[in-house]
Amino acid sequence: MTGSIWAGSIWAIVPAAGRGTRFGGPLPKQYLQAGGQPLMAYTLMALAAHPALAGIVVAIAPDDADWPGWTAVQSKPVLTCLGGATRAASVLAGVLALPESVRADDFVLVHDAARPNLALADLDRLLEIGRGDPVGAILAAPVRDTLKRAGDDGGIDGTEPRERLWRALTPQLFRRHQLIRGLTEASAAGVDVTDEAMAMERMGLRPLLVEGAEDNFKVTTPADLARFEFELARRGIAVDADALEAPAVNAQSNARNVATQLATVSHGNDAT
């Protein structure tokens, strides 16, 4: 495992300021319950399970009353910062909130809050391959279905070749200074990048694709939640509540006392 070489050397950013409007319901999807715990508990535990992980920065909405106030997971620090109006803004806020010990050329992971089924083997492979590349890498899955191009009338205009198409997953691994530059330049140009690799692409960089498991899915619909609950039951997965540390303060108080004081607005879309 790569963690034996790079133990405690990687920080992760988890953008969690979105409302998950596609899912519906009163709770943001990252706080939906599965197996008695919020989805994000499984997400953070999956990241913290790798020995290379040093800590996690979670970007939350300014009005987030649901954040449990976790300060550590598996004894690894969890910091919080205020997220922005888009996923990209939240990721940038998280990168800027990293501890001073994280250098400009250090690699940083970015992982979706509502992608709780990350396999340790996939994370290990991403770190091993990505850290050997000057740009970085992302987990991805080859497109296996036949793709159709639709016309304005809903009819099929043609079939798209799929041989070189991949679905972008997370985590994604990039150097801190390149994340800052890429996300800042995209924002200045008015471009809403939907993942960090897109920001790298805009700078003419070519991250590597690292094949990951198909079941590293993002929970965006009730069917996705049911699928994850099935996976929990099938594999007998449970979160050790003692591994998630939180102070005895309410969530709203914790949200006000976040690590950075960036002036932002909460998400108005499904940007996590």
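Cβ atoms here come from the backbone N, Cα and C positions, even for glycine.
Straight from Swiss-Prot, the features:
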SITE      Arg22  site 'Transition state stabilizer'
SITE      Lys29  site 'Transition state stabilizer'
SITE      Arg162  site 'Positions MEP for the nucleophilic attack'
SITE      Lys218  site 'Positions MEP for the nucleophilic attack'
Where Lys29 (site 'Transition state stabilizer') falls in three-state DSSP terms: helix
Among Lys29, Arg162, Lys218, the most crowded of the recorded sites [Cβ within 10 Å]: Lys29
Collapsed DSSP category at Arg162 (site 'Positions MEP for the nucleophilic attack'): coil
Integer Cα-Cα distance in angstrom, Lys29 (site 'Transition state stabilizer') to Lys218 (site 'Positions MEP for the nucleophilic attack'): 10
Whole-number Å value for how far Lys218 (site 'Positions MEP for the nucleophilic attack') lies from Arg162 (site 'Positions MEP for the nucleophilic attack') (Cα to Cα): 22
